[in-house]
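Right, one structure below, let's go through it.
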Amino acid sequence: MKIGIDKIGFYAPHLYVDMNKLAAARNVEPEKFTIGIGQEKMAVAPITQDPVTLAANAALIILDEEDRAKIDFVIFGTESGIDNSKSGAVYVHRLLGLNPNARSVEVKQACYGATAGIQMAKGHIALNPDSRVLVLASDIARYGLNTAGEATQGAGAVAMVISADPKILALEDQSAYLTADIMDFWRPIYSDFAFVDGKFSNEQYVLFFKTVWEQYKTKTNLGLNDFEAICFHLPYTKIGLKALRTILEEASEESQERLLANYQSSTLYNRNVGNIYTGSLYLSLVSLLEQSEQFKSGSRIGLFSYGSGAVGEFFTGILQPNYQEYLYSEKHAELFASRTEVSIEEYEKMFQQTVPVDGSTAVFGSTNDPAPIQLKGIKDNMRQYENKTN
Ligand code: HMG
């Protein structure tokens, strides 16, 4: 039985910062951000968007009534969740009106959470071929104003329906994975901002990639020429290229050209959104599928997932016939086209606006957020959400 991605959509908040202007404000050359890091625009979340609303807005793009009835497992991958106890999945389940006979959980391992979610979903579908699983990857990346990580912030979510006989990408069974207890990036419970050893994190990312790639080749006897494209977890778009270059010589000249060209398509959306942690790899997949010419059915796509701390995995999928008909390219194009730029001053002000943590009531009524699902305020320590489409 084939199991894999039947639907995939993403949502990013409607506001962004131009990286050239951020560079000017931080007194660095713009090329450091646009070429050295490889980012053009950074999505900024208004107070009315949190990881729950971002995930729900992403899912709203792809779900129909049949999905709502058949989804019996909601897996929410995040590392910027809003509650230490209750999962974001339960809120999304209610906001989207899903079948009550469902399991709903949150999964955490830095940016790797949604990949773990996909593997769990695969097992669930293998046992329950008629059901569908909603896998969500949603985060707001915050390092702080004037920090080295600032240029690699972002906000957004990816939603995927995992099912039998998927219309987009059938996941293959072989994959390679690795865990090592390292301190490259972490965020203690008491901190709003991530701590990061930037250089070390870059080195470990590349080392993990090389290690799981070697392991994958040994397990499968496949090589780089067997791949149409490889998508990477992209905290910023330059880093995937650095990892790819470490193995590129293993491919024929023709394959090298193909992999490099497809790498560019796989980074376009990320370049304009920033790091969305758990969703970054899957945003890259959406970008590849929507921004490339149609690939042949049967083409193999590689996916490298990396979550600091750290867990890495290399896994693969096979593109299904006419997959392009099932993408949400137009909706995503509209989303990008309707975004509004904010000045650095506005971004800094928004960055400092956070929800109250002292039990007081807050109402976020008067923003211009066009998102259908929003955080409207806080009352009695409870987040008040609204789905305007209901
Ligand atoms: P930095 O140290 O300020 O930057 O921060 P840099 O000095 O290393 O420069 C960056 C690049 O720009 C360099 O290129 C420079 O040469 C180049 P490289 O040598 O690396 O190829 N550069 C220029 N290029 C053109 N024109 C210029 C120019 N000036 C400089 N004028 C760093 C960079 C990524 C360390 C920082 O942004 C950071 O700490 N980010 C957060 C951590 C991160 O993203 N790590 C990635 C791997 S870990 C990961 O992926 C997991 C993560 O997503 C979290 C999770 O799993 O939950 C982060």
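Yeah, the Cβs are placed from backbone N, Cα and C, and that goes for glycine too.
Feature list (source: TrEMBL):
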- 2-165: domain 'Hydroxymethylglutaryl-coenzyme A synthase N-terminal' (DOMAIN)
- GLU79: active site, proton donor/acceptor (ACT_SITE)
- CYS111: active site, acyl-thioester intermediate (ACT_SITE)
- TYR143, LYS242, ASN275: (3S)-3-hydroxy-3-methylglutaryl-CoA binding site (BINDING)
- HIS233: active site, proton donor/acceptor (ACT_SITE)
- 253-353: domain 'Hydroxymethylglutaryl-coenzyme A synthase C-terminal' (DOMAIN)
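The structure, with features from TrEMBL marked on it.
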residue	record	contacts (Cβ under 8 Å, 6+ apart)
GLU79	active site, proton donor/acceptor	LYS108, GLN109, ALA110, CYS111, GLY113, ASP139, ARG187, TYR277, THR278, GLY307
TYR143	(3S)-3-hydroxy-3-methylglutaryl-CoA binding site	GLY149, GLU150, THR152, GLN153, PHE193, ALA194, VAL196
HIS233	active site, proton donor/acceptor	CYS111, TYR205, GLY240, SER280, LEU281, SER284, PHE304, SER305, TYR306, GLY307
LYS242	(3S)-3-hydroxy-3-methylglutaryl-CoA binding site	ASN202, VAL206
ASN275	(3S)-3-hydroxy-3-methylglutaryl-CoA binding site	ALA141, THR152, GLN153, GLY154, LEU234, PRO235, TYR236
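Using a 10 Å Cβ-Cβ cutoff, CYS111 (active site, acyl-thioester intermediate) registers 31 neighbours.
Annotation note: LYS242 ((3S)-3-hydroxy-3-methylglutaryl-CoA binding site) sits in a helical segment as assigned by DSSP. For the domain 'Hydroxymethylglutaryl-coenzyme A synthase C-terminal' (253-353), the model gives a mean pLDDT of 98. The maximum pairwise C-alpha distance among TYR143, LYS242, ASN275, the residues recorded as binding (3S)-3-hydroxy-3-methylglutaryl-CoA, is 23 Å.
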